[in-house]
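Marked as compositional bias 'Low complexity' by TrEMBL: 1-15. As annotated by TrEMBL, compositional bias 'Basic residues' applies to 16-25. Annotation source TrEMBL lists compositional bias 'Acidic residues' at 251-269. Per TrEMBL, the feature region 'Disordered' maps to 1-46, 242-270. Per TrEMBL, the feature repeat 'WD' maps to 158-200, 201-232, 283-324, 325-366, 369-409.
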Amino acid sequence: MPVEGGSSSGSASAARHPKQKRKAHSLSIRRTNSTEDRPLGIQRGDMLEGQDSKLPLSLRNNLLDLFGQIEREFENLYIENLELRREIDSLNERLTGDGQIIEGGDPTKGALKTKASHSTSQLSQKLKTTYKASTSKIVSSFKATTGSRALCQLLKEYVGHRDGIWDLSVTRTQPVVLGTASADHSALLWSIETGKCLLRYAGHAGSVNSIKFHPTEQMALTASGDQTAHIWRYMVQLPAPQPPPDVSAPCDDDQDSSDREEGEVDGEGPFEVPTVRVATATLKSHQGVVIAADWLVGGRQVVTASWDRAANLYEVETSELVHTLTGHDQELTHCCTHPTQRLVVTSSRDTTFRLWDFRDPSIHSVNVFQGHTDTVTSAVFTVGDNVVSGSDDRTVKVWDLKNMRSPIATIRTDSAVNRISVSANQRIIALPHDNRQVRLFDMSGVRLARLPRSNRMGHRRMVCCTAWNEENQSCNLFTCGFDRQAIGWNINIPALLQEK
């Protein structure tokens, strides 16, 4: 996440959380490894010289990296195949030693005439299953999931920020608009239907790390790298709706979008929009980056989470600090409030998340949960009695508030999970990943769909956050990423549940 200060263009790189540093380090290692296996003196540039191609050098380098990764995957499968072959040879030799005759006399090619023992058959079947599973996994990654396009269709792209977007949220009052929080020190409000920017908030001196809307009034709460949280009022007028975009053109869900230059975006930014520069209230008690903030039920109090390892509870009317919630051993990454009860959940880099109970004014209890092995990037409440937590350990866990000793469901993924969200009506979990994918699961951990991603739609860099809007019988999902854009999707819930 970004920290305070810095120019708009440099705030993303200069202000990343240690999590991003680790990812950048792993990326550099991967790129280094891709050249280590080549003969000495033959580097990527030497391989490309003399070859007639119209492709830019950066794109060709990207393609070489991708094909190198594919080659290593198949190389691993080949090595695994050899190991399995040795196992089969060893079994055949043992059977030959026991006096069983092999047709042709060659243990590696012949077939057993007599029936092998039960244990040998079991082991052989297990080896075949393992090999087939490994092979089908890589083959399936090349298949285009055309069903995803029918279940999840592109609604609108919201382009205008000058740096990565960390968070987004949808208003809970009329008019319904989308809010985005960006590393470019601003928060923007958008028309969901037209994609037009309606208002800019420019009161922060650092990256805007989160945005949440008041439950009943036209007020927004933003958290920033300038060590403050701001409460500000807004007034917007929605433009006339435009016809929906044509998303019927065929596309390949697994096609990469590396042909676009890094940081390049389509569309025009919000040049002349109303700008709010002064906050109604400024909350200043933290000694580090304020990474997230949220309204408690009723909207009279707010909670903030900071890199100073504490969460603060404030009165909205007076901006007075009511409680400081301490106990986490490392920086906080997120905070969330229950929609109907005075409960707060905070997550941290210390691999835990904590549940704070303010229902009894005289007793403020706290429960610590240690279900993850890496940074807990977010933990959110559902409308029912559940908490869903996501982590850099590539898992998402569903917990029951009545019995949180162990999760009731665990979702294992192939990439770190960022700020998750759960739809209120259907309780569908949307997982934004570092690898640019967005996947949908139900509360029992069953995968429902993956949002389409191609050179024509989807995010080109890591997806930071998701948010649901279930107004007027339709179900929309919004995603944002470090590619400077937010995207709206229409989710076909009946078809999604029927696929399940």
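Yeah, the Cβs are placed from backbone N, Cα and C, and that goes for glycine too.
Please treat TrEMBL annotations as automatic predictions, because they have not gone through curation.
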DSSP-assigned states of the repeat 'WD' (325-366) in counts, ordered helix, strand, coil: 0 helix, 25 strand, 17 coil
The repeat 'WD' (325-366) [mean pLDDT, rounded to integer]: 94
Within-chain partners of the repeat 'WD' (369-409) [C-beta distance under 8 Å, separation at least 6 from its ends]: 19, 333-334, 336-340, 343, 345-349, 351-355, 415-422, 424, 427, 429, 431, 441, 443-445
